[in-house]
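As recorded in TrEMBL, the features of this protein are as follows:
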- 11-21: compositional bias 'Basic and acidic residues' (COMPBIAS)
- 2-65: domain 'Type II secretion system protein GspG C-terminal' (DOMAIN)
- 1-21: region 'Disordered' (REGION)
Amino acid sequence: MTRPTGSPEPRNYRSDGYIRRLPSDPWGNDYQYLSPGDNGNIDVFTLGSDGQEGGEGAAADIGNWNLQDFQ
């Protein structure tokens, strides 16, 4: 990670990052991250229990664009 050089200069920049360990999804898989995303500027999602795109029920993909469907 490199310190941003633009203005305004960050006051609380951490050269070692802000997240020490990325959490896994409920099935022990890595979360997926797309930038730019297909559904917005950034997509963060899990591929569900089967780890495959698509699916229904527990195997459904859950992302920051469709969280309301799973609450």
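The backbone N, Cα and C atoms fix where each Cβ goes, glycine too.
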Margin query: Need one number: mean pLDDT over the domain 'Type II secretion system protein GspG C-terminal' (2-65).
Written below: 90
Note to self: Just to be sure I understand, if DSSP states are collapsed into helix, strand and coil, how many residues of the domain 'Type II secretion system protein GspG C-terminal' (2-65) fall in each?
What the structure shows: 3 helix, 11 strand, 50 coil
